[in-house]
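Contents: one structure, followed by commentary.
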C-alpha cells in the first residue's frame, strides 16, 4: 500500500528558502501526496535545487479513529526531529573542514616525518599521496554526503545495507579518538596555565618537583664544542634529563615505570581533562550552529599565530640552518619503503578520510554547493598549512641547536615530546618567553579542539540517526556522551598516562586503510562511479571526466591494498625510550585496532542472515532478497529525489 506523506508548506519554513515556490498539477487535496515503489506523486515543485531541510515530511498515519489526533502529534514531534540543519554559509563548511584537518598531527608530526625520511625528499611522497589518496577519497565521501544529506551510518545503510558496518566503524574511530585526544587537550591547558608564571616553571631545576638527574642548559652563549654524539641530548635515552623533560615527566605526569603501574589519579590532570570536556561540550551542544560560529576563531587564529611565530623565529640566530635542515632533501631515503608508508599514513592521520567526519560535515551543505571544488581545495590547503608550520617549528629548533651547538636530529622528536618538551625548551631562549609560550599553547588548543568538535559531532549524529530518542534532548544526550568519554579517559589521568596514550595513538588508525578499501568498493562498484559523477553534475553543473571512474575502480583500490599490506608487514611495537611494552599491552593495542574493522563483517553477516531467515518484506526469491543488500533502499530514493529535484511526479 502506498505511503502517504504530508508536505509542510508553513510560511515560516519557506522563508528559509525564498527562491523556492510550488505549483500543484492538478489542484491537490489538502497538500497530500503519495509515494509508491520509490516514486513521488501528487506535487510538482518548480524550484532551484535545495537541501532536504527546506521541506519537512511526516508519515501520515493510515489508521482511523480517536487515536489519529494523538498519532498526528507524535508525527509532528518526529517531523521536527527529522529536520536537518544546514550551514549558514559556505565558509562555515570550509572552515569546519579545515579545522577538522589542521590538527596537532600537521603541526607536530609532519615536520618530524620530514626529518625522519630525508627532509625535503619526504615532500615528494607526501604530496604525491595527497593527490593519489586524499583528494579522490574527499571527492567520493563529500559528494555522496552532500547529495544524500545523510550522516555515515544512515548513508551506508541506505546506499547498500550490507555495508552499514562502515558507518559504525566511523563511529568507533571517532569515539576512541575523542577519549585520548581530549587528554592531550587537557595537557595543553595545563601548560597554558603554567605559561603565565614568571619565571616559567620549566626554566629551572630549582623547584619542589626537581629530580636528582635534572640539569639546566647554559643559554647565555652557544657551547664552544660541537656535539656530534646525540646521546648527550637524546630525549628519554639517558639518565640525565633537561628541565623541560623533568617538568613533563615528573611535575605534570609523575610518570611511572611502566604501563602496568597506574598509581593514583593526579588531580591537576583530572581538572584539566574536565576543563577540556567542558570546552568541547559548550562548543557542540547546539550542533553545527554552535561550532559553525566557533570555527571562525579557532581556524583563523592558528594562521595568525603561525605567522607571528614564524616571523619571530626567522629573526633568531641559527634559524636559517634549521629551515635548511627542514628542506634539504636526502634522496637516497626514498629508496626504502619507510618514507612512502609514513607519507600515506600521515594522510590518513592528518586529513582524516574514512573517519566519517567529512561525510557528516558535507551532509549539512546546501544541495547546490560546489562540493567538487571544496573537496579538492580543502586537503591541499591543509597540507600547505602543515608545510608552513614546518618553517615555524624548524626556525626555533635551529636556534635551539645553535645554542647547544649540536644537530637538530639530536633534539627533535614528534608528538607530545615536541609539544611539551622541545618547544617549551626553545622559548626559554627568547625574550619574554611567557608571551611566546602562551601564543604557542593557544595555537595548539585551537588546533586540537577543532578536530575534537567534528569527531564528537559525527559520533552524536550517527547515533542519533540510529536511536531517535537522542534527538529529543540534544543537549542532554551530548552531556551524557561527554560524561561517558570523560570517565573512560580517567586511566590517562594516572601515572601511566603517557604509556596508555601512546598505545591508543599508535594502534588506533593502523587498519583504517582496510576501511577505506571497503568504502571505495561500496562507492565505486556498488553505488557506481558513474552515478557519483552524475550526482556532482546535478549539484554543481560540473562534468567530471571519465578518468575518475577508472581511477576510483582500479588504481585507488590497488594503492589502498598495497598500503594495508605494507603497514602490516612493517609494523613495529611502540617503545618509550628504552621501555618495551609488555605482551599484554601489545595485545590490547591490536584489539583496539580491530575494533575499527569488526563492524564491517558483523553488520554484513547480520544483513545476510536477516534477509535469509526473517526479511522485513516478502520477496519472490532468495536471490531477490539478497540483491537488496547491494542496492539502494526506498528511503535513499525518496530523499535523493527530494534533495535534487524536489517532488516530481
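Backbone N, Cα and C define each Cβ position, glycine as well.
TrEMBL does not curate its annotations; it predicts them automatically.
According to TrEMBL:
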- 1-33: region 'Disordered' (REGION)
- 8-22: compositional bias 'Polar residues' (COMPBIAS)
- 60-86: region 'Disordered' (REGION)
- 65-83: compositional bias 'Acidic residues' (COMPBIAS)
- 99, 106, 350, 447, 450, 451: Na(+) binding site (BINDING)
- 124-145: transmembrane segment (TRANSMEM)
- 166-193: transmembrane segment (TRANSMEM)
- 205-214: disulfide bond (DISULFID)
- 265-285: transmembrane segment (TRANSMEM)
- 294-315: transmembrane segment (TRANSMEM)
- 343-363: transmembrane segment (TRANSMEM)
- 375-397: transmembrane segment (TRANSMEM)
- 435-454: transmembrane segment (TRANSMEM)
- 475-494: transmembrane segment (TRANSMEM)
- 506-529: transmembrane segment (TRANSMEM)
- 550-569: transmembrane segment (TRANSMEM)
- 581-603: transmembrane segment (TRANSMEM)
Surrounding residues of the transmembrane segment (506-529) on its own chain - C-beta under 8 Å, 6+ positions past either end:
137, 140-141, 144, 156, 159-160, 163, 166, 169, 173, 176-177, 180, 344-345, 348-349, 353-355, 548-549, 552-553, 556-557, 560-561, 563-564, 567, 571, 574, 589-590, 592-594, 596-597, 600, 630, 632
Cβ contacts the transmembrane segment (265-285)/the transmembrane segment (435-454), at least three under 8 Å, sequence gap 6 or more
yes
Counting only residues outside 99, 106, 350, 447, 450, 451 in the same chain, those with C-beta within 8 angstroms of the Na(+) site's C-beta centroid are 98, 100, 101, 102, 103, 104, 105, 382, 448
In terms of Cβ proximity under 8 Å, which residues at least six beyond the ends of the transmembrane segment (343-363) contact it?
84, 93, 96-97, 100-101, 103, 105-106, 109-110, 113, 117, 122, 125-126, 128-130, 133-134, 137-138, 141-146, 148-152, 155, 167, 169-171, 173-174, 177, 371, 379, 382-383, 386, 451, 454-455, 457-458, 461-462, 509, 512-513, 515-516, 519, 559, 563, 567
Would you kindly check 124-145, 166-193, 294-315, 375-397, 475-494 and say which stretch has the most C-beta pairs under 8 angstroms to the transmembrane segment (581-603)?
166-193
Between residue 447 (Na(+) binding site) and residue 205 (disulfide bond), what C-alpha distance do you get in Å?
31
I want to check the contact list for residue 350 (Na(+) binding site): same chain, sequence separation of six or more, C-beta distance under 8 angstroms. What comes out?
101, 103, 105, 106, 109, 110, 382, 383, 386
With pairs 6 or more apart in sequence, are the transmembrane segment (475-494) and the transmembrane segment (294-315) linked by at least 3 Cβ pairs under 8 Å?
no
I'm trying to understand the geometry here, so how far is the Cα atom of residue 450 (Na(+) binding site) from the Cα atom of residue 214 (disulfide bond), in Å to the nearest whole number?
36
Long-range environment of the transmembrane segment (435-454) - Cβ separation under 8 angstroms, sequence gap at least 6
96, 99-104, 106-107, 178, 181-182, 184-185, 188-189, 191-192, 195-196, 200, 279-280, 283-284, 291, 294-295, 297-299, 301-302, 305-306, 308-309, 312, 352, 357, 360-361, 419, 423-424, 427
One stretch in 124-145, 375-397, 550-569 has more Cβ pairs under 8 Å to the transmembrane segment (294-315) than the rest, namely 375-397
Between residue 214 (disulfide bond) and residue 99 (Na(+) binding site), what is the CA-CA distance rounded to a whole number of Å?
38
Just the number: how many Å between the Cα atoms of residue 99 (Na(+) binding site) and residue 205 (disulfide bond)?
37
